[in-house]
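Just below is one structure, and these are the notes that go with it.
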Amino acid sequence: MNPIICALDTQDLNEAISLANTLRDKVGMIKLGLEFFAAHGPSGVREVAKCNVPTFLDLKLHDIPNTVAKTVEAIKVLNIEILTLHISGGTKMLEEALSIVKDTKTKLIGVTVLTSMSNEDLSELGIAREVKSQVILFAKLAKKVGLHGIVCSALEAQEVYQECGKDFKIITSGIRVGFGHDDQKRTATPKEAINSGADYIVIGRPITKSNSPANSAELILKSLS
């Protein structure tokens, strides 16, 4: 299994298609986010899917249960591999979303605490727990409800693995290669993430903005062995 999920963070459909074609044999999955979906909608997802690479649609859904269920109903026809939603939406929202995809190949993955957030950010929201404790709480709820796994940072992955077991998938974002700075606060290298128990690592710009995306993906994969 190739654990690399390449984030195609672009509004440019042609660029997304070109990257998907270039990387389809180099990564395990490609990720399309809210930026792409807002620009191109379901038709854009279908176009990228024609490149024959598994697709992860990262919409981080969070609304009342009925609205999320209807949204998942509309999305499930896209035949994607993974769809994300916020665990903080609560048990009923998660259960209703799961009921929609039960006969499809789409796996629902829960978002715990965004990797752009710190303990101080949680405190500002009135959440007394530290990030790691909040992630573990969300992970246990996600497993109890029946989600296929979660998204967290590598800093929490080992404890999630210990609490939830090997069949509960862990996708780590906030992965950094070399020296780069952005709005991520809880970061790790690809090797650190895999060693901590992650099943998949999400990597964007270190691959997509390199001179050779295919070569960069190959080098990252080799670094994991």
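Including glycine, each Cβ sits where the backbone N, Cα and C put it.
Taken from Swiss-Prot, the feature active site, proton donor applies to K60, supported by sequence analysis. What Swiss-Prot lists as substrate binding site is D9, K31, 58-67, T115, R176, Q184, 204-205, and the listing cites sequence analysis.
Under the three-state DSSP scheme, L59 (substrate binding site) falls in the strand class. A straight line from the CA of K60 (active site, proton donor) to the CA of T115 (substrate binding site) spans 13 Å.
Cβ neighbour count for D9 (substrate binding site) (all protein chains, 10 Å cutoff from its Cβ): 17. Under the DSSP three-state reduction, P65 (substrate binding site) is assigned to helix. Figure note: comparing Cβ neighbours within 10 Å for the binding-site residues L59, H62, the maximum is reached by L59.
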